[in-house]
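Going by TrEMBL, these are the annotated features:
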- Glu94: active site (ACT_SITE)
- Cys158: active site (ACT_SITE)
Amino acid sequence: AAAGRDGAAMEPLRRPVVVTGFGPFGEHAVNASWIAVQELEKLGLGDGVDLYVYEIPVEYQTVQRLIPALWKKHSPQLVVHVGVSGMATTVTLEKCGHNVGYKGLDNCRFCPGSQCCVEGGPECIDSIIDMDAVCKRVSTLGLDVTVTISKDAGRYLCDFTYYTSLYQSHGRSAFVHVPPLGKPYTAEQLGRALQAIIEEMLDVLEHSEGKINCRHEH
């Protein structure tokens with residue numbers, strides 16, 4: 001590829017990917033999700049991807065403002081949100097986000113008056129990424145981290161963020177829950193797992209879009 005350095009045509013298009021983690025809340029004085037995302041940033045997602053990472057405060061109103069702004073700024077191929085779950089003992093791929101049931105107060109002691117993300121929005125939005133396929137693929141890589149699937153992101157800021165992002169992106173978002181640090185995984189293990197998971201997500205996304213494009217041409 002070095003030979004083509006001077007010809008701009010040789011440069012493949014780099015795909016923007018946004019990955020977010022959350023800031024501290026409750027007993028999570030250090031949020032494992034943001035630590036894991038920072039580890040991922042060190043590893044990167046290969047030459048074809050421009051990775052942008054953001055730490056999201058645990059505040060409903062900030063999420064509602066920030067998610068559309070990130071889509072507008074980067075026009076990303078994919079946005080992956082990472083959150084911590086005190087109950088999780090595996091790295092968990094969330095299939096969908098939920099619109100209703102947000103009663104937990106955020107770091108500003110606020111919760112949405114309507115207890116929902118988008119008034120009149122669908123109850124549940126699925127990611128267009130086949131999480132079962134991603135889970136199977138990552139599990140064959142021999143990582144020292146167990147990956148599982150979930151359909152309930154917990155009706156707090158994680159679920160709220162996921163739904164907001166899925167609604168904004170027509171499903172081009174993903175959510176990954178990680179356990180707290182050391183329970184059982186290190187920051188490095190979580191970073192490597194995120195790298196593998198997101199690479200597989202991009203691959204699955206590309207193949208599903210290839211199929212869609214074929215159908216349009218005939």
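Cβ from N, Cα, C; glycine included.
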* Give the distance between the Cα atoms of Glu94 (active site) and Cys158 (active site), rounded to the nearest whole Å. => 10
* Cβ-Cβ distance under 8 Å to Cys158 (active site), same chain, at least six residues away -> Phe22, His81, Gly83, Ser85, Glu94, Phe175, His177
